[in-house]
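A.B. asks: Here you go, one structure.
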Amino acid sequence: MQRRGALFSMPGGSGSRKMAAGDIGELLVPHMPTIRVPRSGDRVYKNECAFSYDSPNSEGGLYVCMNTFLAFGREHVERHFRKTGQSVYMHLKRHVREKVRGASGGALPKRRNSKIFLDLDTDDDLNSDDYEYEDEAKLVTIACDAVLSSKSPYRKQDPDTWENELPVSKYANNLTQLDNGVRIPPSGWKCARCDLRENLWLNLTDGSVLCGKWFFDSSGGNGHALEHYRDMGYPLAVKLGTITPDGADVYSFQEEEPVLDPHLAKHLAHFGIDMLHMHGTENGLRDNDIKPRVSEWEVIQESGTKLKPMYGPGYTGLKNLGNSCYLSSVMQAIFSIPEFQRAYVGNLPRIFDYSPLDPTQDFNTQMTKLGHGLLSGQYSKPPVKSELIEQVMKEEHKPQQNGISPRMFKAFVSKSHPEFSSNRQQDAQEFFLHLVNLVERNRIGSENPSDVFRFLVEERIQCCQTRKVRYTERVDYLMQLPVAMEAATNKDELIAYELTRREAEANRRPLPELVRAKIPFSACLQAFSEPENVDDFWSSALQAKSAGVKTSRFASFPEYLVVQIKKFTFGLDWVPKKFDVSIDMPDLLDISHLRARGLQPGEEELPDISPPIVIPDDSKDRLMNQLIDPSDIDESSVMQLAEMGFPLEACRKAVYFTGNMGAEVAFNWIIVHMEEPDFAEPLTIPGYGGAASAGASVFGATGLDNQPPEEIVAIITSMGFQRNQAVQALRATNNNLERALDWIFSHPEFEEDSDFVIEMENNANANIISEAKPEGPRVKDGSGMYELFAFISHMGTSTMSGHYVCHIKKEGRWVIYNDHKVCASERPPKDLGYLYFYRRIPS
């Protein structure tokens, strides 16, 4: 990789024309006060444009502002210049060239610089043996050198470097290993103290195979590996099933964290394990055990079928950043919806022009950037004819689909979120709700695209003693459909498979091919509408708790219906597992019969009396009921519980109501309360303005529809800000005073165009009045007839592991979006989906 430098003047100057150093110096003199040298903590963007996916690899290269260190492609650098007046930029360009061949056909040796010039990712689709990179920068000054040597702000998200951040264990160099003759077989592992065959750890001192505990990773266990350490003091263990030629998951009990073992190959060889011949398998199972899972992966990804790559507008893939497929799948489905296309890409000039000074930290800007990248076709172009001929001549014709990298988008939407900001796999359903929450909080203009998912649920609870009823309504954004396992149509086949599987496992023979339960969709829909028993229901007629029966129906039908198949559950050992089911999801869906009917003739409503507030006298109970500030909830404990597969909102409530006393105490709370009907509902605390969690406003977020409280508006205007600023800031931050003030300071440009703010305010009010019930949440009610247009599928045993892909019906045919690969689908596996997207059919 070569490095070369030259001098460059700003847009409006002479472009790439070389100038004498004195001429450049004279041009720079007026702008010297604006040139900064990056300091510790400065984010230096030199990989990606803030408004597009242009990079130094792009034809026009990238322009880095020497004051803000933001980067812009050729199309957007003028916008930044007009807005800020910043006149000094550094132009970065990477040249990719085919290596010069020698007489024998091999590449000539080329001396490499010891210092990498641009800290950029190389193109994975280009063979490094055939190509070389040459980086170019113009306007090289002291400040520029600091920019070039600064690390990318995304490096902590890079899965390759994320693993390298693990510390080397201080016990690795002089680890004692007992010569006890223990040899570890390549399969059939089992905990030495219990019957668990998952989450198994090999102690590197004595070769004991023992189960871990749930807080070591995302699966369950009885903690025997930790008990063994406490008994014997042997510090290091490696997780079986993660061993590959590249390494493994190593944990240090003494240091209480994951670590690196530079001598791992030698330590494993002591117990007869050859790293070079090991292949990691999920949950440490044998290759034969995961064969059914491989089948699931093959079916969903349509492996073994020659799929035709798709190019052009709407057919751009998203690169996997390391377990980011959940985000990619959701965003592909979201931007296939016209309302989201219009709200963001349709308003691109206005959103970009009115973006804050740092557009990388603005949700609407980043949504628009991502939408434009996916829909424009600018980053999805078929190879030209000459390239195809060259590939065929080399006998290596593989259609290249680079896709775009959503690093900047992921960094923003996952900011301050303990799960999504990590490199672990996440639940696509939870991310969908998180995104809806962000859209709600950052709505702009007259259209709120997330309204297309919003609907009202009518809940009817009947007191079993008085027979009186209570009707309530709540907002929701998706329909959760239970899996009616009892309705399987192939029960005899399932019983035979289970008997064969147990016999094969007992005799350590290859397992039979997986048999999936075939569930009629009608049975799942029936299970959704069946009454649910409520044991802890407050009956206002009795002024006491009583048993009740709850039913839920649609008080309104959304324009787009998202259906989640609840195929994830827990085994008897509390280990998350997945129902292996095939459901005949319909292309045309009719849920008209689930329309709510309201209070019926002959029904008597329960009186509207709230239950009394009881303050326990017991000191322990008083400690447990001391309400903490919702913002102080221990997110690490929440994350540990969520990694077990419990709903995120239930985890937050568990940690909150146990007073931040740790994950184990909160786990006990979950066990006691998990059968309650509101177990997974958002945490709501009187005095904190409703839901307390970051994702809570997606349920019952009526506060976004109403005028912000006048007393809070008055506080902001008393500080000298305009009323329209205060209203817009409160709307954007869900009426949170502190966040609203931060919003005003981060959006100074709204001061300069108050007419735009007033227009947005008036349009938003008109939109609410025209589309919603008076003083109620916004809904777009209509018929209950829908057609399927997209679905997201999951492969793996848990939402915290595995892989997601998305299928979308476009222009009359199904298309599979598998990270950066976009192809015409031949056999869309509609029966194996996890999230289904339906659009309403006009009546």
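Note that Cβ sites are derived from N, Cα and C of the backbone, with glycine treated the same way.
Residues or ranges marked as domain 'UBP-type' by TrEMBL: 167-275. If you look up TrEMBL, you'll see Cys191, Cys194, Cys211, His224 marked as Zn(2+) binding site. Annotation comment: TrEMBL describes 316-841 as domain 'USP'. What TrEMBL records for Cys325 is active site, nucleophile. According to TrEMBL, the feature domain 'UBA' maps to 632-673, 707-747. Annotation comment: TrEMBL describes His803 as active site, proton acceptor.
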A.B. asks: Give the number of CB atoms, excluding that of His224 (Zn(2+) binding site) itself, located within 10 Å of its CB.
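C.D. replies: Excluding its own Cβ, the number within 10 Å is 21.
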A.B. asks: How long is the line from the C-alpha of the residue listed as 'active site, nucleophile' to the C-alpha of His224 (Zn(2+) binding site), rounded to the nearest angstrom?
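C.D. replies: That comes out at 34 Å between the alpha carbons.
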A.B. asks: Of Cys191, Cys325, the recorded positions given in the record, which has the fewest other CB atoms within 10 A of its CB?
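C.D. replies: So among Cys191, Cys325, the recorded positions given, the one with the fewest Cβ atoms within 10 Å is Cys191.
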A.B. asks: A 10 Å Cβ contact count, applied to the binding-site residues Cys194, Cys211: which residue has the minimum?
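C.D. replies: Counting other Cβ atoms within 10 Å of each of the binding-site residues Cys194, Cys211, the minimum falls on Cys194.
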A.B. asks: Applying a 10 Å Cβ distance cut-off over all chains shown, what neighbour count does His803 (active site, proton acceptor) have?
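C.D. replies: The answer is 19.
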A.B. asks: Please report the Cα separation of Cys191 (Zn(2+) binding site) and His803 (active site, proton acceptor) in Å, rounded to an integer.
C.D. replies: 28
A.B. asks: When the Cα of His803 (active site, proton acceptor) is compared with the Cα of each of the binding-site residues Cys194, Cys211, His224, which one is closest?
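C.D. replies: The smallest Cα gap between His803 (active site, proton acceptor) and any of the binding-site residues is with Cys211.
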A.B. asks: I need the neighbours of the Zn(2+) site defined by Cys191, Cys194, Cys211, His224. Which other residues of that chain put their C-beta within 8 angstroms of the C-beta centroid, in sequence order?
C.D. replies: Ala192, Arg193, Asp195, Leu196, Leu200, Leu210, Gly221, Asn222, Gly223, Ala225
A.B. asks: Taking helix as H, G and I and strand as E and B in DSSP, count the residues of the domain 'UBA' (632-673) in helix, strand and coil.
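C.D. replies: Across the domain 'UBA' (632-673), the residues distribute as 30 helix, 0 strand, 12 coil.
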A.B. asks: Take the domain 'UBP-type' (167-275) and count its residues per DSSP category (helix H/G/I, strand E/B, coil), listing them in that order.
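C.D. replies: DSSP classes over the domain 'UBP-type' (167-275) add up to 16 helix, 21 strand, 72 coil.
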